[in-house]
Amino acid sequence: MRVLVINSGSSSLKYQVRDTDSNEIAANGLIERIGEGSGGPADHGEAMEDVAAVLEGVLTQKPLDAVGHRVVHGGERFSEPVLINNEITRAIERLNPLAPLHNPANVLGIRAITAKWPDLPQVAVFDTAFHRTLPEHAWRYAVPDSLYRQYGIRRYGFHGTSHEFVTGRAAALLGVPLDGFNAVVAHLGNGASLTAVQGGASIDTSMGFTPLEGLVMGTRSGDLDPSILIYLQRQGLSADEIDTMLNRESGLKALAGNNDMRAIVDAAEAGDRHARLALDVASYRLAKYIGGYHVAVGGAQALVFTAGIGENSAVFRALVVDRLGALGVKLDAGANLVRVTSPRVVSTADSAIPVLVVPTDEEQAIAEATAAIVLAS
Ligand code: ADP
């Protein structure tokens with residue numbers, strides 16, 4: 001099946017045309033600076049028009065069978081991929097307040113495709129869906145119930161498509177049946193989250209009501225004392241200023257002056273104290289979470305690294321695993337340095353559990369989920 005995969009960020013749109021039988025990528029591209037003026041597309045609807053124009057040649061050879069959309073927030077309603085119709089689009093739109101930067105972009109993309117190719121099946125694949133299995137003791141915040149009932153305040157979790165894909169790959173690599181697989185999965189990109197997997201299902205995850213909670217990320221703070229927000233507001237900062245500060249100006253960028261892991265590692269090796277501190281804060285926070293999730297899953301059978309940093313930064317992996325001595329986890333220094341693009345073990349034979357590097361491919365996962373839904377409908 002030929003599937004167009006659409007992954008909209010707040011001001012960007014990534015697209016790929018995937019053939020799900022051969023797993024070939026027939027076309028891919030990125031449109032940036034959406035809605036930022038200066039001649040670019042005004043919104044995600046216009047950006048979709050641009051994508052359709054670029055793809056014209058590729059699609060005359062072999063037309064599309066379906067479109068798969070990565071949708072960031074599925075709320076409590078969507079626990080798996082769904083075939084899109086008008087009612088589903090409106091339901092995604094009603095979730096806009098929970099993901100104000102992302103879901104409106106998804107809705108515009110869906111509507112643009114409906115207008116252009118009304119007969120083409122479209123499927124929504126939700127970033128929150130893999131975390132539908134969180135038990136209530138993991139998704140509840142210890143706040144008055146009215147916050148949950150009135151505002152939907154609970155842990156949702158994100159990066160689900162990646163965590164699910166990587167979990168499946170890791171179990172296959174180890175030859176363990178998925179429903180008997182316990183693991184701790186670290187998705188470390190510009191955004192970063194950790195998931196506790198038990199019996200192949202997500203039972204806890206570090207991102208919460210929004211993607212701000214949890215680990216130290218490229219530009220996000222991760223966990224902090226909620227009183228800090230109240231204190232800053234009382235000092236006169238606006239909600240928007242605090243939002244921007246914690247989502248765009250914090251994390252590695254705040255500590256090291258940079259959110260590119262390669263540059264931070266280079267600077268740290270050259271003796272930059274701030275870069276060193278950034279690596280220490282981020283690896284320390286992550287190691288604490290790994291210890292916690294090892295307990296949460298009742299003993300993980302593997303620790304899995306994925307995404308830009310997890311797949312490529314041998315230095316950062318080593319900094320994290322070096323802090324896991326109490327768990328008996330040991331990296332193989334040589335294996336950790338090898339650069340390959342397929343799943344692999346990077347721990348020593350006597351490590352208490354294997355450490356894996358498993359490349360993620362959200363587009364492949366979305367294309368496969370889309371094809372499955374369309375075939376079944
Ligand atoms: P996202 O999809 O969340 O934007 P990615 O998964 O692409 O992010 O990860 C981006 C991060 O990966 C950046 O911090 C970048 O520096 C890091 N990264 C990418 N390649 C390498 C590499 N070869 N070595 C170290 N870090 C890398």
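Placed from the backbone N, Cα and C atoms, the Cβ positions cover glycine too.
Not measured: the values here are computed from a predicted model.
As recorded in TrEMBL, the features of this protein are as follows:
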BINDING   N7, E362  Mg(2+) binding site
BINDING   K14, H187, L188, G189, N190, G191, D260, M261, R262, G308, I309, G310, E311, N312  ATP binding site
BINDING   R70  substrate binding site
ACT_SITE  D127  active site, proton donor/acceptor
SITE      H159  site 'Transition state stabilizer'
SITE      R220  site 'Transition state stabilizer'
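Checking the recorded positions N7, K14, H159, L188, R220, E311 for a CB within less than 6 Å of any atom of ligand 1 leaves no residue at all. The C-beta environment of E311 (ATP binding site), restricted to residues of the same chain at least 6 apart in sequence and closer than 8 Å, consists of F305, V357, V358, P359, T360. Listed binding-site residues: N7, N190. The one with the lowest count of other Cβ atoms within 10 Å of its Cβ is N190.
Remark: of the recorded positions D127, D260, E362, the most isolated position is D260 (fewest other Cβ atoms within 10 Å of its Cβ). Spacing of the residue listed as 'active site, proton donor/acceptor' relative to H159 (site 'Transition state stabilizer') is 5 Å (Cα to Cα, whole number). Within 10 Å of its Cβ, the residue among the recorded positions K14, R70, H159, R220, R262 with the fewest other Cβ atoms is R262. Among the residues K14, H187, L188, G189, N190, G191, D260, M261, R262, G308, I309, G310, E311, N312 said to bind ATP, no two Cα atoms are farther apart than 23 Å. Counting only the Cα atoms, the space from R220 (site 'Transition state stabilizer') to N190 (ATP binding site) is about 9 angstrom. Distance from the CA of D260 (ATP binding site) to the CA of N7 (Mg(2+) binding site) is 22 Å. Within 10 Å of R70 (substrate binding site), counting CA to CA, the binding-site residues L188, N190, D260, R262, E362 contribute E362. Between the C-alpha atoms of H159 (site 'Transition state stabilizer') and E362 (Mg(2+) binding site), the distance comes to 9 Å. L188 (ATP binding site) sits 14 Å from E362 (Mg(2+) binding site), taking the C-alpha atoms as the reference points. N190 (ATP binding site) sits 15 Å from E362 (Mg(2+) binding site), taking the Cα positions as reference.
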